[in-house]
């Protein structure tokens with residue numbers, strides 16, 4: 001999350017993944033050790049901002065990969081990495097190289113021996129050219145351009161791949177790999193299981209709630225901008241319907257004002273959609289890594305949003321309610337605020353569903369607005385329930401639209417008694 005600091009991101013990750021048997025101090029120490037291992041001590045309290053691995057220059061890429069090499073040696077572990085267009089210095093850091101083309105193994109062996117393998121098959125790397133660029137160009141048939149074979153002959157990329165694949169099958173490198181695989185298969189190793197997160201469901205919910213709350217607090221577009229717009233709108237409503245009185249003519253005005261609150265104020269909850277799409281991207285990655293499941297994510301996201309939704313229901317709602325001069329009594333006002341809160345919570349839940357089905361930003365906004373527009377039209381204000389065409393619009397859309405229940409609640413709260 002771009003709003004978190006480096007320390008927060010690593011610490012939350014540790015809390016989500018490490019077992020519940022570990023104490024909080026042990027998890028904290030593990031997070032601090034990870035930050036030290038990656039050389040990020042000086043950036044611990046810096047917010048992440050943009051994606052940290054994008055736009056690296058060749059020097060930064062080299063130092064990152066060199067750091068990973070040292071960690072692999074220190075921890076005595078194998079690192080499997082796929083890398084895009086490495087510089088020659090980064091390429092030289094790799095001990096072994098696996099080249100694939102449409103799922104077929106072109107070469108798998110020592111990085112230093114790869115150049116000899118290509119040269120022996122007539123695909124010598126030209127002087128002053130990055131070896132990785134030469135290999136990828138040779139075995140990439142997406143564009144199927146002619147490549148150099150020896151000095152004068154030409155062959156298509158598909159033919160070059162076939163030559164290299166067949167040559168590799170009979171090579172010493174292939175036989176050596178097969179021997180190593182056979183030896184490893186004879187060893188009585190323990191069964192590897194991907195257990196994912198070892199934290200309990202309650203801890204996952206707690207950590208996700210806390211992380212989401214911090215993200216919402218720091219991201220101005222989440223709720224703070226909406227609060228400002230709600231205040232401005234409720235000031236408009238309050239001054240337009242100011243001190244509406246209790247005359248017979250005020251009945252229609254009250255109904256219009258309450259309908260605006262139920263429909264248009266809640267309609268603006270779709271403004272959270274862009275932020276939620278970004279959350280969904282992070283959720284997708286972390287779920288694939290086994291950090292937590294759907295239930296924990298939904299619970300954390302929902303619980304963390306409740307204080308903010310209450311805030312943008314009560315503060316602007318108070319201004320509109322008392323400026324207009326609606327029914328006196330604190331119980332009536334509390335019911336009004338809770339109705340507004342429930343409507344906002346419902347619309348946010350609707351947009352969460354839309355975001356999981358339509359992850360595209362523009363299409364999601366249009367879909368959410370369209371669904372709410374249909375509900376609004378059938379909520380009983382623009383067309384009385386008895387006048388709605390019974391097939392489809394009355395049954396079932398009228399009873400599905402939450403505006404029906406919102407209008408009923410607001411009107412009974414205001415007009416009864």
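Cβ from N, Cα, C; glycine included.
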Of the residue ranges 199-217, 256-274, 275-293, the one that TrEMBL records as transmembrane segment: 256-274
TrEMBL annotation of transmembrane segment - which of the ranges 169-192, 361-384 it falls on: 361-384
For the domain 'ABC transporter family G' (85-140), the mean pLDDT of the predicted model: 89
Best-contacting stretch, by C-beta pairs under 8 Å, relative to the transmembrane segment (361-384) and drawn from 223-244, 256-274, 294-321: 256-274
Counts of helix, strand and coil residues, the domain 'ABC transporter family G' (85-140), according to DSSP: 23 helix, 13 strand, 20 coil
Best-contacting stretch, by C-beta pairs under 8 Å, relative to the transmembrane segment (256-274) and drawn from 223-244, 294-321, 333-355: 333-355
